[in-house]
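A.B. asks: Mind having a look at this structure? Questions to follow.
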Amino acid sequence: MAGVAGPGTGQGAAGGDGDDSLYPIAVLIDELRNEDVQLRLNSIKKLSTIALALGVERTRTELLPFLTDTIYDEDEVLLALAEQLGNFTGLVGGPDFAHCLLPPLESLATVEETVVRDKAVESLRQISQEHTPVALEAHFVPLVKRLASGDWFTSRTSACGLFSVCYPRASHAVKAEIRQHFRSLCSDDTPMVRRAAASKLGEFAKVLELDSVKSEIVPLFTNLASDEQDSVRLLAVEACVSIAQLLSEDDLEALVMPTLRQAAEDKSWRVRYMVADKFSELQKAVGPKITLNDLIPAFQNLLKDCEAEVRAAAAHKVKELCENLPMEGRETIIMNQILPYIKELVSDTNQHVKSALASVIMGLSTILGKGNTIEHLLPLFLAQLKDECPEVRLNIISNLDCVNEVIGIRQLSQSLLPAIVELAEDAKWRVRLAIIEYMPLLAGQLGVEFFDEKLNSLCMAWLVDHVHAIREAATHNLMKLVQKFGKEWAQNTIVPKVLVMANDPNYLHRMTTLFCINALSEACGQEITTKQMLPVVLKMARDQVANVRFNVAKSLQKIGPILDTDALQEEVKPVLQKLGQDEDVDVKYFAQEAISVLALA
């Protein structure tokens, strides 16, 4: 068949005048055999077009067998093929023929590369929904069984992802077989297979009958949660969330909690980390009573775990844990059973733990109310604002709005200021950048007088920072502040300080003046822009540095629409025309572009 299109047939050849119906598949075959991976990839991505050209019957009888036989390609080509086949049902004649897509996908589900297998499984799951119950038992279930009993671990890992999609529509007898296969995979000799089974245990449990969950899934969960490999045990923790949602409180207490308690104290930190990471989901799944009896003591242990990663993961969940507690008695539980452990973490030796806590601790103020916040939380916030780690200080400052709602910012402002100043001058420019981004929020909370007195000078200092990203962010910051505090404030406080920089000896600072004018013009409006800013921009058109002159042209283009027609014609136009004759090619280009955009006749 490949002979129809000789070697070297290009993609465009299919568009020839020839009426030969073999042409599209010949081009495909030719390109699939090409040494260039990109050509093969392009060809696979056009499979649907080729299938349309061939028609449903020839797609089934020729294209799919060809694809099934040639699965030995580069991983990226196989990945594209696995993805394409998931949407192929319509191209092979609809749901009645969906089973024709199973052979190539079955082959793809056994390859070595994980991402290809995962994509093949995803496509198989998609296609399973398009099978009728009869076709599912005739074609799809046998495929799952073959994969589940394959010699290579790759096929057995792929099978794990397919049980839950075929189980609900299978007959009673077949369901028993499917459960038996899944049980075998949960005790497979290969850790990778047990891992795959553990990762799908919760999903499979959701489609099983409750009796089967209790009699089969729970024992599997217990075994996997005590597997010799910690990578299997930690996935069992994830499954626990789904299983817990299906069981009554009594069953949970008897069947699941002993295993979960054991996982929270597992010898491997990775398993304990998973318990901490999934804590909120576990809490919702087991309900309030078990949470109080079992989970809170476990959480206390995780907050003082010997591994920093576990403490950090638990610290991240503090706010969610408190929010999910029942309203009745919540305050007492937090004050007596959680807060003492939080106080310990504020002075933890690991900065990631302190940082994780700082990102959520402010949220406790809305849960505990004004009195408790001032008495118990405020000292912790103030301690974190003085922490030597910039991320800790930053996380506190970025969540100030929570505390502001409860106690007002004045309580914090005196301690806040030194922390803000330190962050604003931090040696790491990313820290400086982050504090700039919170400045409009802070300004809104602190009010204009406090801002002018304490923070205005910082905002101006950022405009002459040696890092370009800081100068750029400082410019946007000024615009947001003007939007918050109004034009009059801008005219009196910001604009004069910005315009002074136009005479700075450093040309980069002179350019920052132009960037500020671009950003502020819209917020300040026509009058301030025309009377105060425009004269400075026009004067800078005579600057010695070409970079400044072409930025003048760009600024005039930006502020032009804000100016009135007289100012445009009488002041802007002559300057742009002069810049349009400049000796520097960039200045000339931007001046001419500004003239055409502003349509200055």
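Note that Cβ sites are derived from N, Cα and C of the backbone, with glycine treated the same way.
Fair warning: this is a prediction, and the values are worked out from it, not measured in the lab.
According to TrEMBL, the record shows the following:
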| type | residues | note |
| --- | --- | --- |
| REPEAT | 24-62 | repeat 'HEAT' |
| REPEAT | 101-139 | repeat 'HEAT' |
| REPEAT | 178-216 | repeat 'HEAT' |
| REPEAT | 217-255 | repeat 'HEAT' |
| DOMAIN | 245-476 | domain 'TOG' |
| REPEAT | 256-294 | repeat 'HEAT' |
| REPEAT | 295-332 | repeat 'HEAT' |
| REPEAT | 338-376 | repeat 'HEAT' |
| REPEAT | 377-415 | repeat 'HEAT' |
| REPEAT | 416-454 | repeat 'HEAT' |
| REPEAT | 494-532 | repeat 'HEAT' |
| REPEAT | 533-571 | repeat 'HEAT' |
| REPEAT | 572-601 | repeat 'HEAT' |
A.B. asks: What residues elsewhere in the chain lie close to the repeat 'HEAT' (178-216), defined as a C-beta under 8 angstroms and at least 6 residues from its ends?
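C.D. replies: Sequence-remote neighbours of the repeat 'HEAT' (178-216) are 141, 144-145, 148-149, 153, 156-161, 163-164, 166-168, 170, 223-224, 227, 229, 231-232, 235-236, 238-243, 246-247, 251, 255.
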A.B. asks: Go through the chain and flag residues at least 6 beyond the ends of the repeat 'HEAT' (533-571) whose CB is under 8 A from any CB in it; none is fine as an answer.
C.D. replies: 495, 499, 502, 507, 510-511, 513-515, 517-518, 520-522, 524-526, 578-579, 582, 584, 586-587, 589-591, 593-594, 597-598, 600
A.B. asks: Taking a Cβ cut-off under 8 Å, which residues six or more beyond the ends of the repeat 'HEAT' (572-601) line up next to it in the same chain?
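C.D. replies: Long-range Cβ neighbours of the repeat 'HEAT' (572-601): 534, 538, 541, 546, 549-550, 552-554, 556-557, 560-561, 563.
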A.B. asks: Suppose you look only at the repeat 'HEAT' (217-255); what would the mean pLDDT be?
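C.D. replies: Mean pLDDT for the repeat 'HEAT' (217-255): 87.
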A.B. asks: Please work out the helix, strand and coil residue numbers for the repeat 'HEAT' (178-216) from the DSSP assignment.
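C.D. replies: Each residue of the repeat 'HEAT' (178-216) counted once, the result is 33 helix, 0 strand, 6 coil.
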